[in-house]
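Visitor: Sharing a structure with you now.
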Amino acid sequence: MSQRTAIALLSGGLDSATAAALALEQGDRVIGLSFDYGQRHLRELDAAAAVAQQLGLAEHHCISVNLASWGGSALTDASISIPTDGVEEGRIPPTYVPGRNTVFISVGLSLAEARGAERLVLGVNAVDYSGYPDCRPDYLNAFQTLADLASKAGREGHGAQLWAPLVQWSKVRIVEEALRLGVPIETTWSCYSGGTHPCGVCDSCRIRDAALREAGRPDLCSSTAA
């Protein structure tokens with residue numbers, strides 16, 4: 001049986017690195033795909049390249065899609081403050097980037113079809129950031145239907161399948177799995193701020209640090225990061 005090929009969307013963060021490592025554990029030949037979309041935290045792309053190398057991905061590509069051209073998100077527009085006080089239930093946080101995952105998944109599916117990849121690996125999570133509309137199971141299910149209809153491979157019955165193993169996991173479980181898999185957590189980048197070091201106060205940093213402490217690895221928290 002030939003080795004399965006998977007395209008992994010790799011942001012440089014903990015979740016996407018863990019999802020890619022899970023695909024590797026299952027024996028997949030993994031190709032990483034990252035995006036320069038005009039994000040303030042461009043540092044994550046350096047992390048993505050380093051993670052791809054350390055995990056031993058077969059290839060790693062970085063595509064430019066400048067979503068910052070029209071702003072609309074705290075991650076692409078410096079005039080919008082990055083929240084530090086938690087996600088308000090029932091509201092979509094300002095760190096949501098309009099259409100980001102729809103664009104990323106579409107490009108990922110294009111690469112998957114061109115390379116004959118059987119699945120597209122996503123590190124999306126609906127638990128910690130349930131306010132994001134494009135990180136939810138119903139969104140992923142609907143997109144799978146679209147992908148099956150919108151591609152030659154899908155119409156022929158062998159289109160890439162969206163695989164989001166972390167979608168219902170807690171952050172603590174993700175950290176524990178990352179530790180088990182040997183994911184280079186210290187290399188990953190989760191901070192939303194555009195500095196050279198994690199800020200430790202944005203929602204992404206706080207959720208990550210809380211999970212690391214609960215998992216018994218406070219040494220990997222942003223406050224101790226180099």
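Quick reminder: no glycine exception, Cβ is built from N, Cα and C everywhere.
The model shown is predicted, which means the values in this text are computed figures rather than measured ones.
The annotation ATP binding site is assigned in Swiss-Prot to LEU10, SER11, GLY12, GLY13, LEU14, ASP15, SER16, ALA17, THR18, ALA19, ALA20. Taken from Swiss-Prot, the feature Zn(2+) binding site covers CYS191, CYS199, CYS202, CYS205.
Just tell me what is around each of these and how deep it sits.
Guide: DSSP classifies GLY12 (ATP binding site) as coil under the three-state reduction. Sequence-distant contacts of GLY12 (ATP binding site), defined as residues of its own chain at least six apart whose C-beta falls under 8 angstroms from its C-beta, comprise SER34, ARG43, GLU44, LEU45, ASP46, ALA47, ALA48, ALA49, VAL51, THR188, TRP189.
Within 10 Å of the Cβ of CYS205 (Zn(2+) binding site) there are 21 other Cβ atoms, across all protein chains.
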Visitor: Below 8 Å Cβ to Cβ and six or more residues apart, same chain only. Which residues does that give for THR18 (ATP binding site)?
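Guide: The list for THR18 (ATP binding site) reads GLY123, LEU166, ILE174, GLU177, ALA178, LEU181, VAL183, given in order along the sequence.
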Visitor: What is the separation, in Å, between the Cα atoms of CYS199 (Zn(2+) binding site) and ALA20 (ATP binding site)?
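Guide: If we compare the Cα positions of CYS199 (Zn(2+) binding site) and ALA20 (ATP binding site), the gap is 26 Å.
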Visitor: If you count other C-beta atoms within 10 angstroms, which of the binding-site residues ALA20, CYS191, CYS199, CYS202 is the most crowded?
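Guide: The residue with the most neighbouring Cβ atoms within 10 Å is ALA20.
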